[in-house]
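One structure below.
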Amino acid sequence: MSAGCTQLVWGGRLHWGASHLLSCLLALCALWVLAAAEPTEGGSANVQGVGEAALYQGRGQHRVPSEDNVAVLSDQWEPSSFQPSSAFSGTDLGTMVADSYRGPGNSDRRSNKELPILLWWSENLFPHFPGDAERIDCPLSSCMVTKNKSVKLHKRTKSIIFYGTDFRAYEAPLPRLPHQTWALFHEESPMNNYVLSHLPGIRLFNYTATFSRESDYPLTLQWLPTIGYLHNPALSMAEKNRWRKNGYAPVLYMQSHCDVPSDRDRYVKELMKHLEIDSYGQCMKNREHPNKRLEDTSTATTEDPEFMAFTARYKFHLAMENAICADYMTEKLWRPMHLGAIPIYRGSPSVRDWMPNNHSIIMIDDFASPKELAEFIMTLDSDDEQYLKYLEYKKPGGTTNTFLLSSMEKREWGVNDMTAPNYLNGFECFVCDKENSRIKAEKTYKKSQQGGAAPEPHIADFNHMGCPMPTPGFGSAQEIPESDSWKQMWLQDYWQSFDQGEALTAMIQRNETNQDRFWDYMHETYIKRSMNH
């Protein structure tokens with residue numbers, strides 16, 4: 001965490017249902033860290049994730065890979081068998097922290113020494129102050145949480161929580177212990193780590209919190225604080241038209257994160273041939289910002305009042321995400337709607353599922369060409385009545401999407417909301433309750449005299465995040481020269497990330513303990529694919 005956040009939040013213990021102010025302050029600090037992280041722009045019965053795969057013959061501690069299955073393909077992987085727990089048990093966490101408050105519905109009376117431990121692998125994301133450990137009392141159960149990696153081999157360390165942007169296949173903790181699950185928190189862009197967009201990468205995890213509605217703890221609406229955020233009054237048409245007459249273009253583009261997987265600048269460049277667009281950021285800049293302080297477009301994520309007032313003058317905002325993936329929607333979409341501008345959107349293909357009504361955004365991909373889109377925008381720009389139909393969701397009763405309304409109502413976490421936990425604390429409590437349920441199920445299975453199947457591990461699926469290969473913002477990949485920076489960077493990164501997931505899976509399946517051998521496994525993966533082709 002930043003020094004500023006440390007000074008702001010200097011004490012107290014987080015719990016479910018109390019200390020709401022502290023929780024919200026922590027949320028603000030954590031969001032600062034998350035924003036800064038984006039680039040400019042397992043015998044006893046133990047449930048595990050990938051762990052020891054079924055390719056091994058036998059269930060003893062000394063396993064020999066099957067000769068037929070040394071090179072494991074993605075579609076041949078199966079959940080692991082049960083393996084003994086780690087023998088390491090010397091660490092005593094009983095004195096690390098005192099008990100904190102009880103959460104509603106939590107009757108857990110175990111001492112700290114008896115609780116399962118959750119380890120935050122990304123230290124900067126640890127959502128507690130002060131120190132490096134805390135007891136959390138969640139809706140159903142309690143856990144110890146820590147960022148101290150010295151406990152990673154502890155028999156009570158039941159889950160490791162990773163932050164997606166920081167997760168590196170070549171730095172993953174090996175060997176993967178059979179008694180531990182892995183949890184993934186990733187609310188940021190797919191471009192930050194394409195390993196997670198492939199099945200070999202995402203299935204390494206047992207619990208997920210991502211922007212996808214299909215994840216275990218969805219963060220899809222992270223940029224929408226409340227439904228009321230959408231109902232903020234728009235500038236009058238008279239004022240918007242006045243700014244148009246004063247020389248403002250109908251469309252605003254403000255972006256300083258260039259050369260991204262969505263290749264948005266390539267499309268904007270073509271659109272500019274047919275439509276007047278004011279571009280103030282470093283990408284496609286064609287106009288100087290009247291306020292020098294606001295030239296840094298990082299102010300966009302802080303909702304700086306002057307920035308918001310300035311951008312509200314524009315009738316249309318080009319709202320183009322830096323990567324294309326289902327349910328990945330950011331402030332680029334929600335901010336124009338808050339201000340009363342019409343988003344011209346490209347990003348999540350499923351975005352309409354989340355809109356306040358069925359007539360509130362313009363989808364770039366609904367038009368055959370940039371020229372066709374430009375003609376439509378110019379028509380709306382000159383027709384106030386038709387333009388205002390896109391803002392009817394701001395009227396009383398205008399937000400009619402019951403899916404959006406119910407999703408917001410059921411959301412367990414909040415944004416700047418003192419009555420709800422932030423999503424970091426919410427997810428760790430989700431993992432805590434799941435791990436306590438898993439431990440209980442394993443104990444029941446071991447005590448059972450009737451045999452039967454052991455508890456199945458919960459494993460993430462492709463749709464918990466899986467995102468498609470990047471495609472050009474305009475035209476086809478075949479038309480783009482091989483020397484093009486977008487083609488060299490993002491297509492290569494996407495497919496190398498697939499190989500990294502395959503390599504790490506193979507290392508885990510073979511009980512590899514040496515992280516330095518990762519690139520040997522990468523080479524093996526490459527050779528295997530070459531032979532298959």
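Using the three backbone atoms N, Cα and C, a Cβ is placed for every residue, glycine included.
Per Swiss-Prot, the features are:
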DISULFID  C429-C432  disulfide bond
CARBOHYD  N148  N-linked glycosylation site
CARBOHYD  N206  N-linked glycosylation site
CARBOHYD  N358  N-linked glycosylation site
CARBOHYD  N511  N-linked glycosylation site
TOPO_DOM  1-20  topological domain 'Cytoplasmic'
TOPO_DOM  38-533  topological domain 'Lumenal'
TRANSMEM  21-37  transmembrane segment
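Overlay of Swiss-Prot annotations on the structure.
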residue : record                      : DSSP (3 states)
N148    : N-linked glycosylation site : coil
N206    : N-linked glycosylation site : coil
N358    : N-linked glycosylation site : coil
C429    : disulfide bond              : helix
N511    : N-linked glycosylation site : coil
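Across the glycosylation sites listed here (N148, N206, N358, N511), the residue whose Cβ sits among the most other Cβ atoms within 10 Å is N206.
A distance of 36 Å separates the Cα atom of N358 (N-linked glycosylation site) from that of C429 (disulfide bond). Among the glycosylation sites listed here, namely N148, N206, N511, N206 has its C-alpha nearest to that of C432 (disulfide bond). Rounded to a whole value, the Cα-Cα separation of N206 (N-linked glycosylation site) and C429 (disulfide bond) is 15 Å. Over all protein chains present, the Cβ of C429 (disulfide bond) has 29 other Cβ atoms lying within 10 Å.
N148 (N-linked glycosylation site) and C429 (disulfide bond) have their C-alpha atoms 18 Å apart, to the nearest angstrom. Of all Cβ atoms in the protein chains displayed, 27 besides its own lie within 10 Å of the Cβ of C432 (disulfide bond).
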